[in-house]
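S.K.: Okay, handing you the structure first.
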Amino acid sequence: MDLIARVAKNFEDSAQTKLNAVDMMAAPIAAAIETMTNCLINGGKILACGNGGSAGDSQHFAAELIGRFEAERQELAAIALTTDSSILTAIGNDYSFNQIFSKQVRGLGHSGDILLAISTSGNSGNIIEAIKAAHEHDMHVIALTGKGGGQIGEMLRDADIHLCVPADRTARIQETHLLVIHCLCDGIDALLLGVE
């Protein structure tokens, strides 16, 4: 086995996935940036959730907004719903794993807030339930998916934004999700700070 060639192939595949995605995803990413920025300017907040690697992505996103991305600026209201082990285990034990995010959305979300819902497959039950809860609270949903968008792609409303990576391999989708998250953070900063 030629490990160097294998590593190089992974780099090439990852780069190609991102290049394949740009034409399809640039406009909805720009729309998501504008929607998120308007939410934050008007005193709203962004709740983010996902499972596994997508949980890490939701935490990464919230950290970039609360702290900073690449430029100093005021703190921005973002909460990752994946971090409180007591809440997650209490809801998972007393209700079900499918409700670990939806109950938090109902408790923390308000009209005008945004749910950033991350699911590589678009079929995660607890993300689907979180989206339903967000819709109940008149929140916008920005869904970050792959593999055609799954059930999540089918349940989004006209005011929601679907950022679907045109790929089927989980690793490539996750790598592109991170790039999308960085694009969101960069765009929010550009609008808030007036950067060209």
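Quick reminder: no glycine exception, Cβ is built from N, Cα and C everywhere.
Not my notes, these are from Swiss-Prot:
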type    : residues                                                   : note
BINDING : N51, G52, G53, E64, N93, D94, S119, T120, S121, S124, Q174 : substrate binding site
BINDING : H60, E64, Q174, H182                                       : Zn(2+) binding site
DOMAIN  : 36-196                                                     : domain 'SIS'
S.K.: Taking the Cβ of H60 (Zn(2+) binding site) as the reference point, list residues of the same chain whose Cβ is under 8 angstroms away and which are at least six residues distant in sequence.
M.R.: L178, I181
S.K.: Looking only at Cβ atoms, how many others are within 10 Å of the one on S119 (substrate binding site)?
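M.R.: If we count other Cβ atoms within 10 Å of S119 (substrate binding site), we arrive at 30.
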S.K.: In Å, how large is the greatest distance between any two Cα atoms among N51, G52, G53, E64, N93, D94, S119, T120, S121, S124, Q174, the listed binders of substrate?
M.R.: 32
S.K.: Rounded to the nearest Å, what's the C-alpha distance separating S121 (substrate binding site) and H182 (Zn(2+) binding site)? Just drop the number here, would you?
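M.R.: Their Cα atoms are separated by 20 Å.
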S.K.: Under a three-state reduction of DSSP output, how is E64 (Zn(2+) binding site) classified: helix, strand, or coil?
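M.R.: In the DSSP reduction, E64 (Zn(2+) binding site) maps to helix.
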S.K.: Give the distance between the Cα atoms of N93 (substrate binding site) and H182 (Zn(2+) binding site), rounded to the nearest whole Å.
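M.R.: About 34 Å separate the Cα atoms of these two residues.
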S.K.: Grab the pLDDT values for the domain 'SIS' (36-196) and give me their mean, rounded.
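M.R.: It averages 98.
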S.K.: In whole Å, how far does the CA atom of H182 (Zn(2+) binding site) lie from that of G53 (substrate binding site)?
M.R.: 15
